[in-house]
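Data block below; observations after.
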Amino acid sequence: MESSRILITSALPYANGPLHFGHITGAYLPADVYARFQRLQGKEVLYICGSDEYGIAITLNAELAGMGYQEYVDMYHKLHKDTFKKLGISVDFFSRTTNTYHPAIVQDFYRNLQERGLVENQVTEQLYSEEEGKFLADRYVVGTCPKCGFDRARGDECQQCGADYEARDLKEPRSKLTGAALSLRDTEHAYLHLERMKEDLLAFVQGIYLRPHIRNFVTDYIEHLRPRAVTRDLSWGIPVPDLENKVFYVWFDAPIGYISGTMDWAASIGDPEAWKKFWLDDTVTYAQFIGKDNTSFHAVIFPAMEIGQSLPYKKVDALVTSEFLLLEGFQFSKSDGNFIDMDAFLETYSLDKLRYVLAAIAPETSDSEFSFQEFKTRCNSELVGKYGNFVNRVLAFAVKNGCTELSSPQLEQKDLDFISKSQKLAKDAAEHYAQYSLRKACSTIMELAALGNGYFNDEAPWKLAKEGNWNRVRAILFCACYCQKLLALISYPIMPETALKILEMIAPHSLDLGSQDPDRLQSLWTDSFFDYSEEKFSLKEPELLFTMVE
C-alpha cells in the first residue's frame, strides 16, 4: 500500500553545462508530473533535486575556461535553478553538493562501509605528471591508442576506433593541459567491494519497480559485480578521511546529495530534524527519476552504499528510467551544433506546448525523437484542434447565449453515459500517472477532449437553442463543463498553466483555489471532485488556450 508521504528525487544535473530537452524529458519533467499528481492525490510530497558539483569534467573545464572551481559550479547552479523555474519544475528544494551538510554525511557513509569490511585500500599504478606534481585522472590524459594507434586518444576511450581502456594503457601518455610526458607511479586508493553484497542486492531489486528491460540489465549487472574505486587523485571534492590528497569519486558522493539536500531543505524550513521523516522511515514511498545512463549507480551502487550503513536509510521503491531523446535523429550536443536554445524556444512557444509534446514523446522504453515538424503537428492537431477547440467552442456558445450560470440540470441517460465515460477516462489517467507513463496520460487527455467534442457535436445545442429548448441546452452545457473540469484535473500535472485557465473560466463552485499555491495544487483528486450532483459553474468569456504553430 502506498504511503501518504512521498519522497521524489531526480538525477542531480551536473554543473558543467546547460540543460537541454533530453535532460528535461529524461528526468525532470517526469519527476515534476509525478509530484504534481501525488499532491493532487493529497499526499505529503517532498521533491528534492540539486546540482552535482564535483568530478573531473568540472575541474578540467573550469581550468580550460580560466575559472575557479567554485566560481564555475556557482554559474551552472544558478543556471539550472533558473531553468527549473522557467520549465515549471515544481521542485520543493534545489540544493547542491557543495552544501554545508554534504561532506560530513559522505565521510560517514565511507566510515560505515569501512567498518563493515566493504571498503578496503589497494595500491595501484596511476599516471603521474612530474611537471604538475600530481597524479592525473583519465580526463586529463591524452596519448596513443593501444588498439588503433590514433595519437590523440582520450584517457578513457579512443574517439577514432571506439576502444575503451585504462589511461595507463595508453602509449606515450601526456598531460592534456600541458603536453608534458607522464610516468606510472604507485598510489593508494579505496575500493568498494560490491561483489560482497551480491545476494542482498539481488533481493533488493526484486522488490522495487523497474521497467522490464531495465530489470534485465540490472540483474545481469549485479551478477558481474567487482570492486570499484571510490577515491581519486584530485583537489576538488570531498576529502577522504584516511587518505592524503584524495577525494571521493563523484559517483560515490553525488547520490548521497539526495540526503544532504534534504537536510539542507530541513534547515531552510527551520526544522533541522525534518529530513528524518523522509529518509529514516521505511513507510515512505520513494520514487527516483533518472536517465538510463545512470541506472547502475542508482539501482545497484547507491543501494549497496545504503545497505552498508548503521542508519536505516530509505531505499528507492520505484526507479523510473528514461531512454534518450534525440534531436532530428542525433544526440543533443551543443559542441556539434545539434541543440535548441531553450530560452529562445520559450520566448516563441508557450511552456505548456513544450511540456505536452515532451511528455507525449517521452522516451520511456526506447529512444524517441524531437523534431520541429512533430512539435508543430501535435500542437496544431491535438492542442489546438482537439483540446483547445473543445474548451473554446463550449464556452463561446454558452457566453454568447447568456448561459453562464449552470447548475443541477435534468439529465438524460445519454448525459449520464457521457459523464460515466468521462469519469472512466479520468481514472485511467490516474492509473497512467501512478505507473509513470506520461505518454499514456497524454493519450488519455486527448481521448477525453475528443469525447467532449463528440458529445457536443452529437447533442448540437445550437439547434436546440433555435427551437427554444433552453433546459436541454443548459443540461448539455453543464455536462460539457463537467467534462472540462475533469479535463483540467488530468491535464494539470503536464499542463498546469492551461489547467488553471480552464478552471478559472468555468469556475466550478466546488473548488476554492484561492488559498492554494497554483504550482502545488493539493488534495483535489478526490471522490468529491467527481461528484456532479451539487456542482455549479459560473462561466467567463473564453480565452484561447493555444495558438497555431506556423
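Placement of Cβ uses the backbone N, Cα and C atoms for every residue, glycine included.
For the motif ''HIGH' region' (13-23), the list of distant contacts is 49, 51-53, 55, 57-58, 61, 72-73, 76-77, 79-80, 83, 96, 291, 324-327, 331-332, 334, 339-340, 342, 358, 370: same-chain residues at least six beyond its ends, Cβ to Cβ under 8 Å. As annotated by Swiss-Prot, motif ''HIGH' region' applies to 13-23.
What Swiss-Prot records for C145, C148, C158, C161 is Zn(2+) binding site, and it gives sequence analysis as the kind of evidence. Counting every protein chain shown, the Cβ of C145 (Zn(2+) binding site) has 22 other Cβ atoms within 10 Å.
Residues annotated as motif ''KMSKS' region' in Swiss-Prot: 331-335.
Residues or ranges marked as ATP binding site in Swiss-Prot (evidence: sequence analysis): K334.
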Overall pLDDT of the motif ''HIGH' region' (13-23), taken as the mean | 95
Write out how many residues of the motif ''HIGH' region' (13-23) are helix, how many strand and how many coil, based on DSSP.
-> 3 helix, 1 strand, 7 coil
Check each residue in the chain of C158 (Zn(2+) binding site) that is at least six apart in sequence and keep those whose C-beta is under 8 Å from its C-beta; list them in sequence order.
-> C145, K147, C148, F150, D164, Y165
Cβ-Cβ neighbours of C161 (Zn(2+) binding site) (radius 10 Å) = 12
For C148 (Zn(2+) binding site), the number of neighbouring Cβ atoms whose distance to its own Cβ is within 10 Å equals 12
May I ask you to report the DSSP-based helix, strand or coil state of C158 (Zn(2+) binding site)?
-> coil
Any further residue of that chain within 8 Å (Cβ to the Cβ centroid of C145, C148, C158, C161) of the recorded Zn(2+) site | P146, K147, G149, F150, A153, Q160, G162, A163
